[in-house]
Amino acid sequence: MAQHTAAAAGGDEEVAEAEAAAAAAAGSTLRHRHAGKGAEEHEAAGGGGGGRNGGADDPDATSVERVFADKAVPSWREQLTLRAFVVSALLAVMFSVIVMKLNLTTGIIPSLNVSAGLLGFFFVRLWTSAVERIGLLKQPFTRQENTVIQTCVVSAYGIAFSGGFGSYLFGMSETIAKQATEAKDAQNIKDPHLGWMIGFLFLVSFIGLFALVPLRKIMIVDYKLTYPSGTATAYLINGFHTPEGAKLAKKQVKTLGKYFLFSFFWGFFQWFYTAGDDCGFKNFPTLGLEAYNNRFFFDFSPTYVGVGMICPYIVNVSVLLGGILSWGVMWPLIAKKKGSWYPADISDNSLHGLQAYRVFISIALILGDGLYNFLKVLIRTIAGFISMVQNNSKGMLPVSDNGMSMSTAEEVSFDDERRTEIFLKDQIPKSVAYGGYVVVAALSIGTLPEIFPQLKWYYILVAYIVAPVLAFCNAYGSGLTDWSLASTYGKLAIFVFGAWAGLSHGGVLVGLAACGVMMSIVSTASDLMQDFKTGYLTLASPRSMFISQVIGTGMGCVIAPCVFWLFYKAFSNIGTSGTEYPAPYAIVYRNMAILGVDGFNSLPENCLTLCYIFFAAAIAINLIRDLAPHKVSRFIPLPMAMAIPFYIGSYFAIDMFLGSVILFVWEKLNKAKADAFGPAVASGLICGDGIWTLPQSILALAKVKPPICMKFLSRAANAKVDSFLAG
């Protein structure tokens, strides 16, 4: 912690530079670090359009495009450069490794847009500087090319998440099936293999790109949907390409590199002490052995300290509260009912025992939270359409950047006029969109049953008929709130298609595969609209954005399965509860699929009652959050975040809370530097520890074992060991 607080206590000159650069980047460059999927939607939506429309008395002072007025906008072909895609591929591998590690440990994926943007800017600047010195630079680095890189990288590493390697895809495996209550037959199991995973992702990941392309003008120009994450990314990129922003970006990259090296070498140092099970700093009983047995300890993970610095305070506090409620109160109390509520002769890790309460109560919280937010966004979407119908008759557009109606007769700003002109210049033919959707759908309908024989062609046909409607709802809702409900639509598919198939016809596998189909379409369509918003605000061509998204998706369909395969082969205990890589959402998704086809027959006593209580509590807490004044609601925890430690424990919650404390203290000491450099520090901690996983995996594959086991024993256990060794 001393390192972080010391970094915050820099000189006044650096603070002034940071403040000036932040102001030059339209005030919102780094303020939106929380505006990612799964982040606090109210914070994201509230700041999404800020900084751009203020100061109406002096348009030149607040106009972003007047700053770049003397720079020609490159054609869409010039925006697609070889160096952009080389850098994108390198960063895609890096971030796919990081996301995969997060997937397989806790399933919490923070927004990595800031680090992706910083590193993309840095590497191409490095490239162009080197080429310029030898006099071979033909094309300068523009913000449009920067946007292409950002789009390509995010779409590539996004496959590591939406591909289901920590959820539905891995949930099909025998490893996870053995830990479930039933459906362990061959009909409901499919183990991972590199070939079919790559094929599956190519079949399902592209169709979402075609679903909403014809509606881009309506969503971005006519409705003026905010898309806070896309807006924040655009401000970040615009800021980099001003003189002040470039200067700040260099300092941020230097800071990121410093903490990257610290985190990487800390991971390397820890490796030497992990020669056996439960060895090393990751198993340090910092709060005592009894707390350690209940999964309360600090595991010295730079990754989750960094995640805690990126996630909103309320998320981190919610996760910690969930850990205290479950592992500190509920599970010890339920454990005392052993022999009464569930058989005394089975392990606590059996889904016929205590583990059932851990898994199914967390599922109840997740489903309650998901259902509430699904209905909330659906209501807002319907309300938006009603507003559109009413206002169209009055010559009004339904939504402006501040969420208010805007007259078509209202004076259009220089920025909006310039952006709309460029955005409508390079059209994507509707024949490409419609034809692409039909062709990819036909290929999927014909080929997916070869990968999953249980997944009949008519299941896929129904999914592809319904998917564009759901994709539009999700993209519209995401534009309003920054809240993507792709995983909720995926869970809905689990129940609908799993129940349709039935347990005896591989319903569990059908539900999980259908979840992947639906999630991929809905998530990709929403992400594409976010990227179109970024392109709109940086004058990047929609055509170059679409091509970049296609190339990035193709990269991800190869890179993500290869990275997962590396983990799967290098670490033998992936997916096992209580290990370094428990893949918690894999067991959660599989048990959802079992519930969808078989109901609640196998749950232990009172488990279903507790599930009902927590399902209702999740809805009630969300309702109170929305009805209460902001000064009260910002202290009410998030049920979805509380559910995460119910199954895997609180060790990562302590890491994340420590990250929050570090950032909070830093902001109190020096808010300007914390705002400017906090995301860079966090990204360095996450990236360094994540990238260390690559050499660690290679060492494991080469059968190179660490030399030392550092383990902690109680006094009594130590005495027994000493006695045994003494003979």
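Note that Cβ sites are derived from N, Cα and C of the backbone, with glycine treated the same way.
Copied over from Swiss-Prot:
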| type | residues | note |
| --- | --- | --- |
| COMPBIAS | 1-10 | compositional bias 'Low complexity' |
| REGION | 1-61 | region 'Disordered' |
| COMPBIAS | 18-27 | compositional bias 'Low complexity' |
| COMPBIAS | 45-54 | compositional bias 'Gly residues' |
| TRANSMEM | 84-104 | transmembrane segment |
| TRANSMEM | 107-127 | transmembrane segment |
| TRANSMEM | 152-172 | transmembrane segment |
| TRANSMEM | 194-214 | transmembrane segment |
| TRANSMEM | 256-276 | transmembrane segment |
| TRANSMEM | 359-379 | transmembrane segment |
| TRANSMEM | 460-480 | transmembrane segment |
| TRANSMEM | 492-512 | transmembrane segment |
| TRANSMEM | 546-566 | transmembrane segment |
| TRANSMEM | 604-624 | transmembrane segment |
| TRANSMEM | 646-666 | transmembrane segment |
| TRANSMEM | 681-701 | transmembrane segment |
Stretch among 359-379, 492-512, 546-566, 604-624, 646-666 sharing the most Cβ pairs under 8 Å with the transmembrane segment (152-172): 546-566
Contact call for the transmembrane segment (460-480) and the transmembrane segment (84-104): at least 3 Cβ pairs under 8 Å, seq gap 6+: no
Contacting positions for the transmembrane segment (546-566) when only residues 6+ beyond its ends and CB under 8 Å are counted: 76, 80, 84-85, 88-89, 92-93, 96-97, 100, 148-149, 151-160, 163, 165, 192, 194, 197-198, 201-202, 205-206, 209, 213, 428, 524, 527-528, 531, 694, 697, 701
Contact ranking winner - 256-276, 359-379, 492-512, 604-624, 681-701 against the transmembrane segment (84-104), Cβ under 8 Å: 681-701
Beyond the flanks of the transmembrane segment (492-512) by at least 6 residues, Cβ under 8 Å: 164, 168-169, 171-172, 183, 187-190, 452-456, 459, 463, 518-519, 589-590, 592-598
Contacting positions for the transmembrane segment (604-624) when only residues 6+ beyond its ends and CB under 8 Å are counted: 340-342, 352-353, 356-357, 360-361, 363-369, 371-373, 376, 633, 636-637, 639-640, 643
Cβ contacts under 8 Å made by the transmembrane segment (359-379) with residues that lie 6+ beyond its boundaries: 326, 330, 351, 473-474, 477, 480-481, 483, 485, 487-488, 491, 587-588, 591-592, 595, 603, 607-608, 610-612, 614-619, 622-623, 626, 638-640, 642-644, 646-647
